[in-house]
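K.L.:
Just passing along the structure, written as structure tokens.
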Amino acid sequence: MFKEFIRSPAGLAGTLILLVFSLVSVYVIISFPLDYGTRYWSNPKYWEDYPKLVPPEWFNYFVPYKLPRHYVNDLDKPSEEVENIKKWVFIYNFDADKFPTGIILKYVNLTFYRDIPIISLKVKRPDGVEIVLMDYDGGIPPPRSGEQPPYVRFVESPRTIVLGAEPQVIRKVTAFANTLGVNCTTSDVRDAGLLPYIIFGRAVSNKCVAESFKPLRGIYVFEVELVGDKRDNIGLVRLVIQGAVYGAMGTDYLGRDLAQGLLFGFPVALFIGGVVAMLATLIGVTLGIVSGYIGGRVDEAVQRFADVMNNLPTLPLLILFVFVLGRSLFNIIFVLVLFGWAGVTIIVRSMVLSIKSSQFVEAAKLAGAGRLWIMRKHILPPVLPYSFALIIFNIPGAILSEAGLSFLGLGDPSIPTWGQILQQAFDNGALQNFAWWWILPPGFLIVLTAVGFVLVFFALEPLVNPRLKRQ
Amino acid sequence: MASLVKTLIVKAITLVIVLIGVLVLLAVILGATGLSDKLLKSILVAEVQEYKQQLIRQGFDPAYIEKAVAEYNKTRAEALGLDKPWFVRLPQLIQRLLLLDLGTSRTLQSSWGSNRISDLILDRLPNTIILTTTGISLTALVGIWLGLYIGSNVGSRADRIISILSAASYALPLWFVSLVLILVLAYAPKILWGIQIFPPGGMVSTPPPSDPLAYVLDVLWHLSLPLLASFIVFFGSWAYGTRNIVLSVSQEDFVAFARAKGLPEGLVRRRYILRPSLPPILTNLILSLAFSISGYIITERVFNWPGMGSLYYSAITALDEPVIFALTYIFTLVYIIARFILEILYVIVDPRIRLT
């Protein structure tokens, strides 16, 4: 039977899809923490270094221009040390046709002994021009009264300087833009996010827009300088130059690595689909057997109820239930099971009716077997293989329903799912920004999972459905 | 004939019971979870707060204000029904709904500013009908026609392609196809080449054209992407479903007998295959029209289409209990009326039912 199943192209393709999806899920379960959603995915702080809303790295192979990659470098020791001056030197080779999307300077474990040290940042451009981006860091808390040296700062959370949001840096960069002949004001630079264009570009017109700058390729040397007491030091300095492409799947508006969110969606989708389909089918098969075998008023009641549940406009009710009960995974599963069993009951009952009239059931009855015993020993076994196929058939429906609910903003907020990624994409202007990498992959994964299960069901049905088998 | 009327009456009664059942279920959900009480209390607090502010502004002395506010609180709580538990309050609501008195909404308004729910529905229903009814009719017509054709050519290449399309339609959510179409056909040309081939959403341009003909054309232009999306998603399943119905009928003994009698193939197909295939095809058509009143909630949101689905979604996000109630009732009512129409149609198209 298995050979027959694999030989059909639908069965083979479906099995392959599901196999890959299961392997990915296992990998995710092993390598991701269970609280990934709350700890990382929904925590914007965790993603602050990442470039925002940029396509995947392989996008570079499909466009005639080159987008800069993400640059991160950590220095745990000063590159140069002269007397009381320490220098951390970062060398960034800019060789792209488009501009990076932002610059971030971070450091941790600042230790000083007397006055607050002066931390400055400057960049030497390939054309020989040197821009001082920052004279001093005004964000270092001074010693508290009674605090003894050494004073240690930024131990738990690093000092983060987002250059495009730092007034001092913007002022200096604006002044530099004016020397290039571009008429910018500080608010222009801040609001339009022109900082990377000015630092990494040469001017081709005097209008204060991004198009006025052409990339100036070559080696950029960023120098972080600390002037203070001889013993003053910084534990780790990090320079991030946010790229215009990132990772395997790009990033969203918060800079989240979409590859991670999509990966985490695999086990979640399979779990929701599997659990809902299993529970709904279990209830459906039980009710179908009982209603079909016992008959009479029980049958009438169960069938009328199933008929109603099967035909009601379920989507509004699903939305309402999840909204009222609260957006949690458990509630979503509960509601999907509640509206999912009816179809199975109707199918199983029709099978039971034909089994019921067969001779071995009559014989068992004559031999004095109880109802429960007959249902368990004679009715259930022939129904079981088909029930298994029905579980597979019901999985894609559950996955699609969850995705739909999530798309309406009713998903469990603590877990990233494909539907939620799509919802956030839709609500945060992915369409308007043409962020195709944010919309197409989650949707295709939803569709592909569903297709996998549908194909397996199509290949399985003729093998397990007694009615189709006979033909 | 008498037995026929009796069957129809029994069906009608069953359907009315279903309708009441859904409403009771809804009332229990909203009441037992405390949502209904919570909603009313927040309304009461807001009203009382406003009344108090008003008195303070008019400069009454504090003791009087205190007393007046307490009095106002009590009368408003009674008016809202908060002095009674939910299981006393909600049956009245059910009764009112059954008598088609839909009440007024708390927050939502129709485009002409009325907050009567019947006006809200009158405002939105035509839009939904324009979107879904045209979509379903178009798709179903082409699908059924093709299904009838391939039903008598089972195993052909067209047959195999349609069966694959039908499987795909089961796995393709309409709203995702809509998103892709908006991305590829509306935004991509606009961003990449600066031309707007299709509108990204909405029902008419802003401002709407004043010339009636231009207005109709504008709506049609906005309708094109949703229609394309529903055609892509549902076409396969219409054709495949029809094909299966035709196929199973043509395997019946009476068809074989008609052929054995030597009747011409055209006659066999018209009289012996199509006629008995009609009831199940009609069932599909009428039920999907009934569902379409409520079923396009997500798609209407994607296309920013001001229909019933969008209305239901905004009612839920605004926690507008009377609107949620009324709309769920209307959705169920439409379904139940559709079922009843079907029962009558069966009698008309199927002589086997009429004659027994």
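Along the chain as shown, residues are numbered 1 onward.
Note: Cβ is positioned from N, Cα and C throughout, glycine not excepted.
Take a look at what TrEMBL says about it:
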- B:12-32: transmembrane segment (TRANSMEM)
- B:125-346: domain 'ABC transmembrane type-1' (DOMAIN)
- B:129-150: transmembrane segment (TRANSMEM)
- B:162-188: transmembrane segment (TRANSMEM)
- B:219-240: transmembrane segment (TRANSMEM)
- B:278-298: transmembrane segment (TRANSMEM)
- B:323-349: transmembrane segment (TRANSMEM)
K.L.:
Any residues 6+ beyond the ends of the transmembrane segment (B:162-188) with a Cβ under 8 Å from its own?
P.N.:
146-147, 150, 196-201, 225-226, 228-230, 232-237, 239-241, 243, 296, 298-299, 301-303
K.L.:
Residues sitting near the transmembrane segment (B:129-150): Cβ under 8 Å, six or more positions beyond its termini, same chain?
P.N.:
156, 158-159, 162, 203, 219, 223, 226-227, 230-231, 234-243, 245-246, 274, 277, 281, 284-285, 288-289, 292-293, 295-296, 300, 303, 305, 307
K.L.:
Hey, would you say the transmembrane segment (B:323-349) packs against the transmembrane segment (B:12-32), going by three or more CB pairs under 8 A that are 6+ residues apart?
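P.N.:
With 3 or more qualifying Cβ pairs, these stretches touch.
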K.L.:
What parts of the chain pack near the transmembrane segment (B:219-240), using Cβ distances under 8 Å and only residues at least 6 beyond its ends?
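P.N.:
Contacts with the transmembrane segment (B:219-240): 130-132, 134-136, 138-140, 142-144, 146-147, 150, 162-170, 172-174, 177-178, 181-182, 185-186, 198-199, 201-205, 284, 299, 303, 305.
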K.L.:
Should anything in the same chain at least six residues away from the transmembrane segment (B:278-298) have a Cβ under 8 Å from its Cβ atoms, list it; otherwise answer none.
P.N.:
125, 128, 131-133, 135-136, 140, 144, 173-175, 238, 241-242, 245, 305, 307-310, 312-313, 327, 330-331, 334-335, 337-339, 341-342, 345-346, 349-350
